[in-house]
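Per TrEMBL, the feature GTP binding site maps to G24, L25, D26, A27, A28, G29, K30, T31, G70, N120, K121, Q122, D123. Taken from TrEMBL, the feature Mg(2+) binding site covers T31, T48.
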Amino acid sequence: MGLTFTKLFSRLFAKKEMRILMVGLDAAGKTTILYKLKLGEIVTTIPTIGFNVETVEYKNISFTVWDVGGQDKALFSEHSGLIFVVDSNDRDRVVRARDELHRMLNEDELRDAVLLVFANKQDLPNAMNAAEITDKLGLHSLRQRHWYIQSTCATSGEGLYEGLDWLSNNIASKVSSLTSSES
């Protein structure tokens, strides 16, 4: 009885750790999002060469977020979630963003990762809304993958935590369904 209570208590209150890969085209806002989540403030960024890795604490979850500048395939393994950041104001490169997203989703290392799309820069006047981004990225064609799109503004933080909530809930439910099927 005491052991069962201890297991239940630790499942409810223990800090969960999740490895998240954050990618997208250059200038989409990945690094700004990372440091807004980490520090709660805007930092001056330069194009990422290589990658940034930070641990972001949110609720009882510790997200290790890899902000990958050049989408190095060697960094794809062992991530339970993928955040794809799109510049919602960049209509000229949305097809390129779609191609990059689908190329990455076809990688074996990311086959089981849940997908969160941040439709960033929603504060700009000509930004595409989430429905338009969904269509342009071909998200409805992703039949075998859990995905969600969240409108965001990295500079204000709007939408970022809602996206993390979805990501953490879906990774947690995926992990629990895997462990229950293994029993």
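Glycine is treated like the rest: Cβ placed from N, Cα and C.
Shown on the structure are the features that TrEMBL records.
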residue : record           : DSSP class
G24     : GTP binding site : strand
K30     : GTP binding site : helix
K121    : GTP binding site : coil
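In this structure, of the binding-site residues D26, A28, the smallest number of CB atoms within 10 A of the CB marks D26. Around K30 (GTP binding site), taking its Cβ as the centre, 27 other Cβ atoms fall within 10 Å, counting all chains. Comparing local CB density within 10 A for the binding-site residues G24, T31, D123, the maximum falls on G24. G24 (GTP binding site) sits 10 Å from T31 (Mg(2+) binding site), taking the Cα positions as reference.
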